[in-house]
Amino acid sequence: MEVLMAERANLVFHNKAIDGTAMKRLISRLIEHFGMAYTSHILDQVKTLGFQQATATSISLGIDDLLTIPSKGWLVQDAEQQSLILEKHHHYGNVHAVEKLRQSIEIWYATSEYLRQEMNPNFRMTDPFNPVHIMSFSGARGNASQVHQLVGMRGLMSDPQGQMIDLPIQSNLREGLSLTEYIISCYGARKGVVDTAVRTSDAGYLTRRLVEVVQHIVVRRTDCGTARGISVSPRNGMMPERIFSQTLIGRVLADDIYMGPRCIATRNQDIGIGLVNRFITFRAQPISIRTPFTCRSTSWICRLCYGRSPTHGDLVELGEAVGIIAGQSIGEPGTQLTLRTFHTGGVFTGGTAEHVRAPSNGKIKFNEDLVHPTRTRHGHPAFLCSIDLYVTIESEDILHNVNIPPKSLLLVQNDQYVESEQVIAEIRAGISTLNFKEKVRKHIYSDSDGEMHWSTDVYHAPEFTYGNVHLLPKTSHLWILLGGPCKSSLVYLSIHKDQDQMNAHSLSGKQRYTSNLSVTNDQARQKLFSSGFSGKKEDRIPDYSDLNRIICTGQYNLVYSPILHENSDLLSKRRRNKFIIPLHSIQELENELMPCSGISIEIPVNGIFRRNSILAYFDDPRYRRKSSGIIKYGTIETHSVIKKEDLIEYRGVKEFRPKYQMKVDRFFFIPEEVHILPGSSSIMVRNNSIVGVDTQITLNLRSRVGGLVRVERKKKRIELKIFSGDIHFPGETDKISRHTGLLIPPGTGKINSKESKKVKKWIYVQRITPSKKKFFVLVRPVVTYEITDGINFETLFPPDPLQERDNVQLRIVNYILYGNGKPIRGISDTSIQLVRTCLVLNWNQDKKSSSCEEARASFVEIRTNGLIRHFLRINLVKSPISYIGKRNDPSGSGLLSDNGSDCTNINPFSSIYSYSKAKIQQSLNQPQGTIHTLLNRNKECQSLIILSSANCSRMGTLKYHSVIKDSIKKDPLIPIRNSLGPLGTCLPIENFYSSYRLITHNQILVTNYLQLDNLKQTFQVIKFKYYLMDENGKIFNPDPCRNIILNPFNLNWYFLHHNYCEETSKIISLGQFICENVCIAKNGPPLKSGQVILVQVDSIVIRSAKPYLATPGATVHGHYGETLYEGDTLVTFIYEKSRSGDITQGLPKVEQVLEVRSIDSISMNLEKRVEGWNKCITRILGIPWGFLIGAELTIAQSRISLVNKIQQVYRSQGVQIHNRHIEIIVRQITSKVLVSEDGMSNVFSPGELIGLLRAERMGRALEEAICYRVVLLGITRASLNTQSFISEASFQETARVLAKAALRGRIDWLKGLKENVVLGGVIPVGTGFKGLVHPSKQHNNIPLETKKKNLFEGEMRDILFHHRKLFDSCLSKKFHDIPEQSFIGFNDS
């Protein structure tokens, strides 16, 4: 009793509120001092005391007790103001979505936190005995967070996936929620019955799987005699002391520990609190402890490796089922924590960074060499300092020095004036915070339909070389040029192949139009690869892509012009078939291009023509048929224009396709009705029967014509043809009837001897034999077509006063689209074109242009008198490799670029102004004779312009050239910008009726070079017009009075009128992307964001576009110039966010780690590093034992990191689990190796999973290396790969496990608990444990001192030390010369 009194005198007197944690500590100390019985008595007294006091207090709660905080109104208003500014920045493209999300979360989080801190003082001042206040701080039910929701604001919520919803709930529960807020609350609350039930069952299942893995682990021996341990060091400062002591208490030392010469702890001594404190104060060397990892056996564990039992504080007893305890200790917090969710109700919690503020007003100075610019996580510009930075602030009378720690962000510039208390730097939150970060992908979706552009180079992700996933190397904008994609109904989708003609009204459908990629894409690519740029001229294919074409259909001109996705060069070009169709209404149809006819001008996208290629074709409406049929040329000789059928079958540069050109002027069309039916359909008519018009053929099909029915059954379908015509049963003497398939001209022979009748029209005779003896002749009507010379294409190109077409010849060719005797199928009421008239382009082989193999053509649109005219320009090109230009250029305008004047990229659109034939000859000989060629530095291009004659007149002043030449030489005022861009000039000359705007594509963009004084005497200079024309020959030429419909791109034009002054023209270049709110004129209105496509003297036209900011490392989906739809994924950001403090995010993470499901993307080179390292170990350690040691090192490293990962999740929840429980589980999932195929060992079959120790023993016995590699099994797989098949079968897949066990003849030794429970035996633990403890051999321990701090290196040292005996047998002398330290530390290098 006296002893007890003495101990009582030593006890501490607590005079403070005791919460749950303090209570836990108190109970554990009571148990240590007094034991269990006495403690339970004390706790009873505490319980009684608590209930008495609560009854006496009798707190009640009413709605009036909820007092709201007065300062809430203006705080919320302030936060809303900030969010509004942020939204604007995002709209302008200054911050991207992730930065916006982060910042808005932080704004609202700070507001909410401030309100929470206000809450307490507010209650204290107004009403200290408020029941809400008392309850929330009693620690009983409810906490500050809940009270904050009642009287402050609910704040931000997370959705079921744990992502933040960036719409905060501004009301509290006292004021009541709006509808939106209520719905968001329903997301966040997550205390729905279903939700909790599902989570509880998840946690329960996790526990079951965990127990399944480790149920057989029992303490069987006192000491397994291992010499290994894991070293733990207090020194490196990374591990907080609390965690350090937690790791050590209750463990057993694996090594003696020396403090200088003095030994302060011996091997196999268990560690208590006193010893830990001694270690911490002495800062001893790394302490080597025994853990379940180091125990020698995998099927049981020894007392010393396990350590103290957590229940009573002594070494664990023999026969204790530590495996099941471990499984349940890890699973149990899961079940508890799922029920915890509704405390916070899903309210988001996060951390804010610390700030450094300026001590006084003054100018700030720092060394700029020590910082480098970066973006903060909110997208603001800042400086990052890598080492300590001293910042001085000079105020009027005093210098302040502020030290900024490394890795901080400096938010001010050098020499900037700061005010007192202004934030000048932000310190990154330290590593000590427990809630750790996770990587999250965020997809950004497009808000509108449009065309995608980006303003920087992109990389291809290595695994998607051909895909459309690109990595951004630097911060840049992605632009979506607005417009609606071409819509087409499904009917047309089936009919229109790529390149077919379409009427304008067919674009009115609702479906998305997807053009069919041609099958021959790959062949074309192979052909390109095979021929490459070799010397064979005839083999080289300049480009393959779709063709431009203009189709004049009534009111509209449709220009099909696909957008190419160009990678760096021609060979890797991949085609995306996209259309852009500008529709221009033409008012003067009668003297415009051919009125209302279907002339199609075909221009390849790159505009390159070969000789004899088809320039335009015309589909004559006279040669159109609605019905199916067969084309016959009769006996007339035909020949194919190109004999090789497969020369160029893909859609690229169209030379003559293998069509058939007639030598004569007529061909015949034999109509027939064809139905192609699926093989399963039931037909209501018989073969060779005769039907009338509108006869039922199948259930939903009626015949359109009457006649003879022929049914052919093919593999999977039935072809049913109906031939109209007369049937004759001829006599034997008839000669004609013996032939079949003849065309008979009018006025010849007798059809039947009885009725001698002259044939009035052409007929087609076909012999039909229904049976062997009978036959009859079918006489079918024939439609005859005469082929005229075709239309005169001179109407398309009117007579030319400039007579420039000396060099280029056009000839007209008719060809028939179908071969002789080929059947023609019509599909659902479309007309079939039989004959096509072509315009073939050719040019002379004169000496100067003898190298010209190809011409380049493009459309020129010229507005004359308010009308839009199309002109076709054909340039003869010399250089064979001139069009391999990259699409991305430095100036960001997205046009063709070449840097400087390099000759391989000859710009195709340099054009020559010329006004008479003499001048033309002169200009062709001396290209520098005109203003354009003077500006164009490449002298090798010749080009011709085909101008309409309507507005041309002859002009013969020589003075004109010289004046310009001289003035350009001497006038220094011309601003020449060395950036690329298209250029349009307006050249008014007095004799001209009206002004021309010709589009050129020069290397130099000259803004206002015509305002020269000398010119003003001769010419009257009007205003400029600039055009945007990209290298595909697309021209945007808007009429400023109204919107032009670009279908598929309804361009949202935006017109800006302002006084166009000189400095403005320098700011704006064509094709430039402009962010919203950038002011271009001094007092002009702010712009909307978009791409500049027209610049005039007093206005510019901008095509609306939406910018999206993307930071480095983001992946861009889709190709440059691709059409995107609303809701398509544009960019994926990968960013880190701190996990919210809710276990619902934690439990799945634990499960992911234990089931070994990888979520992080591991960089490629990491693997290679580790592989190389393993190889070098194998080399050092000699072959036979290399596998063993490599495997053990890998296992050691992965075990430690797995334990840390799982502990992190639980610690972040404030749950304490002892490491050894996790270690027992991790040991089970890492103790298997997979036998690999390399070594043909006779013991194990390849692919078999065996225990590491078993492989090691077997290798020793066989004295040969068994090849295996380490695998991490998930807990489910580990449960299905145990020693006992009964235990496996009772877990999952019973039938499969039992069948396999039977086939293999497995034996179950009934060592674990579960097998015995299933069979009803005594379980081998506790009293059922037959304690045959072998006296463990004491090894002579050689203490090893190491200088390394890393856990992993310590473990590695032990492995190497453990296998010292192995080295001696298999290593040469040289190895012993290497000091031990060098091969312990070889992973440092």
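Glycine is treated like the rest: Cβ placed from N, Cα and C.
The feature Zn(2+) binding site is assigned by Swiss-Prot to CYS224, CYS295, CYS302, CYS305.
Its own atom aside, the Cβ of CYS224 (Zn(2+) binding site) has 18 Cβ atoms within 10 angstroms in the protein chains shown. Of all the Cβ atoms in the protein chains shown, 28 others lie within 10 Å of the Cβ of CYS305 (Zn(2+) binding site). Other than CYS224, CYS295, CYS302, CYS305, the residues of this chain whose Cβ falls within 8 Å of the Cβ centroid of the Zn(2+) site are, in sequence order, ARG221, ASP223, THR226, ARG290, PRO292, THR294, ARG296, SER297, ILE301, ARG303, LEU304, TYR306.
With a 10 A radius on its CB, CYS295 (Zn(2+) binding site) counts 23 other CB atoms from all the protein chains.
In the three-state DSSP scheme, CYS224 (Zn(2+) binding site) is classed as coil. Here the Cβ of CYS302 (Zn(2+) binding site) has 24 other Cβ atoms within 10 Å, regardless of which shown protein chain they belong to.
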